[in-house]
Amino acid sequence: MACNWSEWRSVFAMLAVDVMLAVMNTMVKKVMEEGMNRLILITLRQLIATLFMAPIAYFRERKTRPKLTVEIFAYIFFSALIGVSLMQFLFFLGLHYTSATFAYAFLNVSPVFTFLISLALRMESLNPKTKEGIAKAIGATVCFTGVIVLMFYKGVALNQAPHRSMASAQPQSPLPPAMSYTSSTWLMASLALLAGSFCLSSWFPLQSKLGEKYPALYSCTALMFFLSFLQTAAMSLATVRGHSVWFLRKKLEIATVIFSGFVGSGLGFLAMSWCVEQRGPVFTASFMPFVQIFGAGIEFTILDEQVYLGSVLGSVLVIAGLYSLLWGKNKEARSCAAKAAEGNGENQVQAQLRSL
């Protein structure tokens, strides 16, 4: 019974993380529509995340933290730049001009991008003669088919338009109002989301290498959050004019910054790290589509946003491809573990025979 509860705790933890991320991204989209600058939002979010993670890193790893070399610092700097600063900027840009449900679909492509990057770097293998290899190849193909559908086919609206004025529905942005929901803007947002997904995918192999060189997870994360704060602050100061944008006057803006930094980055990271430790990365990644499902529920029932046929079809293909890829990776990992155990058993028998 204790084992079952331990397994269910991981499930509940990941579902809670998914709900938090869905709520956070809905809040982020809302404040950006009301005029909050996305760079300011990311900067303040990373500041909150740094303040949350730094004490945990200090007390948890103060006796085991390795020495920080120039090489490791460079790894952490580019990890922060690619996986946090650029990824968040591109994702928020795409989120601003589409819907949260649409944006979530592109995050589900990240494991497929990661697989292809790892394959190119020879960190992954693909054997088309095995069931696992076929599942991974089909998963990647179906997933990218879904991306093409998302980008180039919007389709008809599946629900009625929200009962609000067109003026209030238009996002406040540097683009002209006439461009707000045109096909060119939709494509631009799709490309931004695809680029953000690629940044996140590139970050995973980089983080894996960093974990080998600097095995201090919390200290590394705290420093990464801090460097991301400095990077986005520098970009904000260089591109945003005026000091008034730094002052949060609306309650929703304050709540969004605190929630996204403290809960989205801080608690979310700790919960996912615990789940990876307990059940492995495949288990954790398999819950990614639930963020999209919860987000769609919030948009459809509470925000009364329109849902388009292309978004639904593309999302179904992306999720189906993701699970096919994860199934193949999981079966492959189990097969490798079984072969390793069998090999260890044979070695032990041979050692015993030699000792006779």
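Glycine residues also receive a Cβ, built from the backbone N, Cα and C atoms like all the rest.
What TrEMBL says about a protein is an automatic prediction, not a curated fact.
Look at TrEMBL and you will find 11-143, 189-325 tagged as domain 'EamA'. Annotated transmembrane segment per TrEMBL: 12-28, 40-60, 72-95, 101-121, 133-153, 185-204, 216-234, 254-275, 282-302, 308-326, in sequence order.
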To what whole number does the mean pLDDT across the domain 'EamA' (11-143) round?
89
Among 12-28, 40-60, 133-153, 185-204, 308-326, which stretch has the highest count of C-beta pairs below 8 Å with the transmembrane segment (101-121)?
185-204
Residue distribution over DSSP helix, strand and coil in the domain 'EamA' (11-143):
107 helix, 0 strand, 26 coil
Please figure out which one of 12-28, 40-60, 185-204, 216-234, 308-326 racks up the most CB pairs under 8 Å against the transmembrane segment (133-153).
308-326
In the same chain, who gets a Cβ under 8 Å from the transmembrane segment (254-275) while lying at least 6 residues past its ends?
10, 13-14, 16-17, 20-21, 23-24, 27-28, 30-31, 36, 41, 44-49, 51-53, 56, 217, 221, 225, 248, 283-284
Is the number of Cβ-Cβ pairs under 8 Å between the transmembrane segment (40-60) and the transmembrane segment (308-326) three or more, considering only pairs separated by 6 or more positions?
no
Closest-packing stretch to the transmembrane segment (282-302), where packing means Cβ pairs under 8 Å, from 12-28, 72-95, 185-204, 216-234, 308-326:
12-28
Grab the same-chain neighbours of the transmembrane segment (12-28) for me: Cβ-Cβ under 8 Å, and only residues 6 or more beyond its ends, written as numbers and ranges.
41, 92, 95, 100, 103-104, 252, 255-256, 259-260, 263-264, 267-268, 271-272, 274-275, 283-284, 287-288, 290-291, 294-295, 297-299, 303
Please indicate, using numbers and ranges, the residues of the same chain that are 6 or more beyond the transmembrane segment (185-204) and have a C-beta under 8 Å from a C-beta there.
79, 82-84, 86-91, 93-98, 102-103, 106-107, 109-114, 116-118, 147, 150-152, 154, 175, 179
Which bits of the chain, at least 6 residues beyond where the transmembrane segment (308-326) starts or stops, bring a Cβ under 8 A of a Cβ in it?
99, 101-102, 104-105, 108-109, 111-112, 115, 135-136, 138-150, 153-158, 282, 285-286, 288-289, 292
Summary of DSSP states over the domain 'EamA' (189-325), given as helix, strand and coil counts:
116 helix, 1 strand, 20 coil
